[in-house]
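Asker: Sharing a structure with you now.
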Amino acid sequence: MAAELKTITVLGAGGKMGMRISANFQKSDYQVFYCENSPRAQEQVVAAGRELSIAEQVIPESDVVILAVPDIALKAVSGIVVPQMKSNAVLLTLDPAAAYANLIAKRDDIDYAVAHPCHPSVFLDRFTPEEHADAFGGVAAPQHVAASYETGSDEQKATLARVVKVMYGPVIDVHWVTVKQLAYLEPTLVETVACMVGTLMKEALDETINTIGVPEAAAKAMLYGHIQIALAVAFRSTNPFSDACMIAIEYGKENIIKPDWKKIFDEKELDLVIAKMLKIDAIER
């Protein structure tokens, strides 16, 4: 039987993600300790009505220790935190990069997990102004979570999922994958591809307005509406693209996308981009 997870420590509680997840934990039944080193960030934690704790005092008591710190700091922070954790506790990180790169300090008698929010879907049915305003998730709009807990049993995953659903809530479902699969989801799928395409569309909009001279309101209206229909047709087959549109699509692929672009799904390319993100020379295994 999986041990119940009752006590949680959030390290980096005053950072961007730390503040987001702490706001949800504050409304939960978990016993939560909030730890933050930065004086300015400490002020934010206190201003939000949360009491600061001393990490060295609460880490040994915690069933789950959450590292809400930047990826590039995880090696150093985990090196300090992991030796202080009690046996059978769970170290939970929020991004897969450092775990994939084997930068997290190791101990045989604790568990490791990663949980990352998917953010509310573009296809989500939203019914309230609060849901419409919540683009990031974790406030009002429901979202999914992708997570990895490779050493966990189904029962342990279910227990940790309850923690994850609180911290990122409201949550529709938690999808369990491997650390490597999670790394392919982010950065490869959603940052290397989706976020890159988002910035490309913004650059194209700017070019249309500033170089071609199309009025800004007209350009935005046309693009924003067509983003919606392009996604609906491509992902949900609501209607087929017209023959003329397909010609324009192929022209765009030929002129914008490299023929070998799918190499980004090669493992060596995943290693390369994550090494760049973590500011390390290479990933060692």
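The backbone N, Cα and C atoms fix where each Cβ goes, and this holds for glycine too.
The NAD(+) binding site annotation in Swiss-Prot covers Gly15, Lys16, Met17, Glu36, Asp71. Among the features that Swiss-Prot reports, Zn(2+) binding site is placed at His116, Glu186.
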Asker: Restricting to the record's NAD(+)-binding residues (Gly15, Lys16, Met17, Glu36, Asp71), give me the longest CA-CA distance in Å as a whole number.
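Answerer: Across Gly15, Lys16, Met17, Glu36, Asp71, the two farthest Cα atoms sit 16 Å apart.
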Asker: Can you tell which of Lys16, His116 has the least company, meaning the fewest other C-beta atoms within 10 angstroms of its C-beta, among these binding-site residues?
Answerer: Lys16
Asker: Counting all other Cβ atoms within 10 Å across every protein chain shown, which of the binding-site residues Glu36, Asp71, Glu186 scores highest?
Answerer: Glu36
Asker: Output, ordered by sequence, the same-chain residues six or more apart from Met17 (NAD(+) binding site) with a CB under 8 Å from its CB, or 'none'.
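Answerer: Ala68, Leu94 - these are the non-local Cβ neighbours of Met17 (NAD(+) binding site), listed in sequence order.
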Asker: Same-chain residues six or more away whose CB lies under 8 A from the CB of Gly15 (NAD(+) binding site)?
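Answerer: When sequence neighbours closer than 6 are ignored, Gly15 (NAD(+) binding site) has Glu36, Ala41, Ala68, Val69, Pro70 within Cβ distance under 8 Å.
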Asker: Can you check what DSSP calls Met17 (NAD(+) binding site), collapsed to helix, strand or coil?
Answerer: helix
